[in-house]
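Since the structure comes first, as structure tokens, the remarks are kept for the end.
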Amino acid sequence: MSKIVKIIGREIIDSRGNPTVEAEVHLEGGFVGMAAAPSGASTGSREALELRDGDKSRFLGKGVTKAVAAVNGPIAQALIGKDAKDQAGIDKIMIDLDGTENKSKFGANAILAVSLANAKAAAAAKGMPLYEHIAELNGTPGKYSMPVPMMNIINGGEHADNNVDIQEFMIQPVGAKTVKEAIRMGSEVFHHLAKVLKAKGMNTAVGDEGGYAPNLGSNAEALAVIAEAVKAAGYELGKDITLAMDCAASEFYKDGKYVLAGEGNKAFTSEEFTHFLEELTKQYPIVSIEDGLDESDWDGFAYQTKFWRQNPAGCDDLFVTNTKILKEGIEKGIANSILIKFNQIGSLTETLAAIKMAKDAGYTAVISHRSGETEDATIADLAVGTAAGQIKTGSMSRSDRVAKYNQLIRIEEALGEKAPYNGRKEIKGQA
């Protein structure tokens, strides 16, 4: 009852008003899976290719009709009649048929949409939730945990039209007992942050990921106003809630220097910028820093990893959910945490392989959204089904972000004590 009988691809709209690929996979017995590919703003140069049409007369060149045609044409022809339960086999057929290193023939957006839709259809055919099916595909059946949210409540960099260099300032409700409580804590801090910003005469418009995007006097001021909001919400910073940042440093890396417009265009070397960030960690309980250097700055990352020792030095643009690059990073002692993004690699099977490699090496794996999202909440199921421990899916506004939090609430309700929320224990160096 899990044989594929029909595949449909279509062009839909993401949270930034740009087109993306949605796919449906239909099986015998009437089972259907549907999924959509997300899209990033600050992207690593070695990510799998997101295929765009380039026709400037339509969606300013960002249409995805070529990728949709690949879904409805060669991909559908190759997969009809195949067993959807064989996820690795389905993904291999698409990857081999594409035949390129970075999925540039069909587009990672086409392959990923079908890959995820196939997993959803197979789960439906097996009569189980997606997270349970993912746990089985991961080789860890019945082993679940609820992830600690990393809530991006101040947006900067490529995610906002403001003067803040660092792209994400996040809170982690590590003191919560359940993910539902963690989400409530995050919501309360988010609303108190609005009051803090308004009292200072600052803008409370939001960025791509639902966090506030005010103009600030410095990057450190973002941490200061968050600390004020945490206190106003009745929580203790460092105990109930810790902080995290995504620098997206590749976006302000110019001619071998890190140039911060928000710090008066001050330029830093790799070591100087590492120490700049270190000073922030001395002032605030920042327990995770992502993309603290440019993706090409391997020597700088090695220094940063050794310098910080216990705290997670996460890599997103550098590793791009790619096991070949991650393996090299592990061998060279680069970072100790990886961001997991489906569309950076382009299939569920390859995503699961990256999570396994990271965990086997003692790295933490943070399941992450992209700045261009849809209502698709698959990453919530991925985080629970792989017991990843942490999830990044934006702030407490915009339905494209909240959809993932709501799915986590539903999953926790269904699993109960089978999926513990481990809070601080999930954060490297904080257990």
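Glycine residues also receive a Cβ, built from the backbone N, Cα and C atoms like all the rest.
Here Swiss-Prot flags Gln167, Lys341, Arg370, Ser371, Lys392 as (2R)-2-phosphoglycerate binding site, drawing on sequence analysis. Residues or ranges marked as active site, proton donor by Swiss-Prot: Glu209. The Mg(2+) binding site annotation in Swiss-Prot covers Asp246, Glu290, Asp316. Sequence annotations record features per position, and here Swiss-Prot assigns active site, proton acceptor to Lys341 based on sequence analysis.
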Pull out the recorded positions from the set Glu209, Asp246, Glu290 whose C-alpha sits within 10 Å of the C-alpha of Arg370 ((2R)-2-phosphoglycerate binding site).
Glu209
Determine the Cβ neighbour count for Asp246 (Mg(2+) binding site): the number of other Cβ atoms within 10 Å of its Cβ.
28
Other than its own, how many Cβ atoms are within 10 Å of the Cβ belonging to Glu290 (Mg(2+) binding site)?
27
Distance check, please: Cα of Glu209 (active site, proton donor) against Cα of Asp246 (Mg(2+) binding site), rounded to an integer number of angstrom.
13
What does the structure give for the C-alpha distance between Asp246 (Mg(2+) binding site) and Gln167 ((2R)-2-phosphoglycerate binding site)? Integer Å is fine.
6
